[in-house]
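Data first, discussion second: the structure below is written as structure tokens.
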Amino acid sequence: MADSHKINFEPVDIEMDVREDENILDAAFRQGIHLMHGCREGRCSACKSYVLDGEIQMENYSTFACNDAEVDEGFVLLCRSHAFSDCTIELLNFDEDELLGGIPIQDVRTEVLAVEPKTRDIVSLRLKPVEPGKFDFKPGQYADLHIPGTEEHRSFSMATTPSCSDEVEFLIKKYPGGKFSALLDGHIQVGDEIALTGPYGSFTLKDGHVLPVVCIGGGAGMAPILSLLRHMNETGNGRPARFYYGARTAADLFYLDEILELGKGIKDFQFIACLSESAEGQVPGAVAVEEGMVTDVVARHESAIAKTEVYLCGPPPMVDAALGFLDANSVPKDQVFYDSFTSPIFDQ
């Protein structure tokens, strides 16, 4: 049995136990404490914290998420950190409402309902929760899907909302050599079982916030944003919302009719498809299409973006460009929420 130590989190005054053979983030989940996090693989810095006292060692993390100078100062990524003594840790990023009020992590056995291509490289995977018969999550969160016959998993965002209790939809981008996405080419069949673990992530609408919502997405980043929009439509959320979706061509667009329909129940909703290669091609007449990178289109329309809350989700180059744009336009960091769908070495 691995040795166990006490972790005290400041400034929230929460204490928990952690074993030496588990990382601090997983130990928190196990005890119902929901710390801020993103990728859970040492790549995004969402769980970056500061060690005030104690011995902690990190493993297998990206220096882009926590560089050597930061490590020397005492910064750590909780998803990669193991404690070898009692520790006091300062949380740099936390949501007091979520800390002890998040949704518990669940292990769910699911059955495949449908595998449907949406574009040349985006596939909709719809699963039915079987045991238990319902999967609880917050719109915008993600889950781990376990690769059948292996100990491995891949993480994907839900596109549905909890109100659709009989199925969960994922939008998955196919990558060459991707261990999970390769299964979508005929290897996963209707009726197959897939194990799911979750929910994870902090890419959620914040209760009580009133600023307009600006969503910027690309690729499979459609999934969590679609979940947020579906939730806003279902609940009659009174916040204005705009959605900018970046793609290469019109052939890479999907769910356009549903987005327009959702927008009818969202205050002052606007949707603009941003096409980086060509604005030619057939799209529904009510869809606004502009040529250019998604950040350039946003810049043309959002002169007061510092007075909004921004939700970003998509491939890393798009997210990085958008973060740079938001920083240049003085958008406060606590008004920016993002998921970056990484890869090359972490294939899908």
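Here the Cβ of each residue, glycine as well, is placed from N, Cα and C on the backbone.
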Binding-site annotation, Swiss-Prot, [2Fe-2S] cluster: partner of Cys39, Cys44, Cys47 in Cys66, Cys79: Cys79
For Cys44 ([2Fe-2S] cluster binding site): DSSP state (helix, strand, coil): coil
Sparsest-packed of the listed binding-site residues (Cys39, Cys79) - C-beta count within 10 angstroms: Cys39
[2Fe-2S] cluster site shell beyond Cys39, Cys44, Cys47, Cys79, criterion: Cβ within 8 Å of Cβ centroid: Leu25, His37, Gly38, Arg40, Glu41, Gly42, Arg43, Ser45, Ala46, Ala65, Leu77, Leu78, Arg80
Cys79 ([2Fe-2S] cluster binding site) in three-state DSSP notation: helix
Most Cβ neighbours inside 10 Å, all chains, among the binding-site residues Cys44, Cys47: Cys47
Average model confidence [pLDDT] within the domain 'FAD-binding FR-type' (105-206): 94
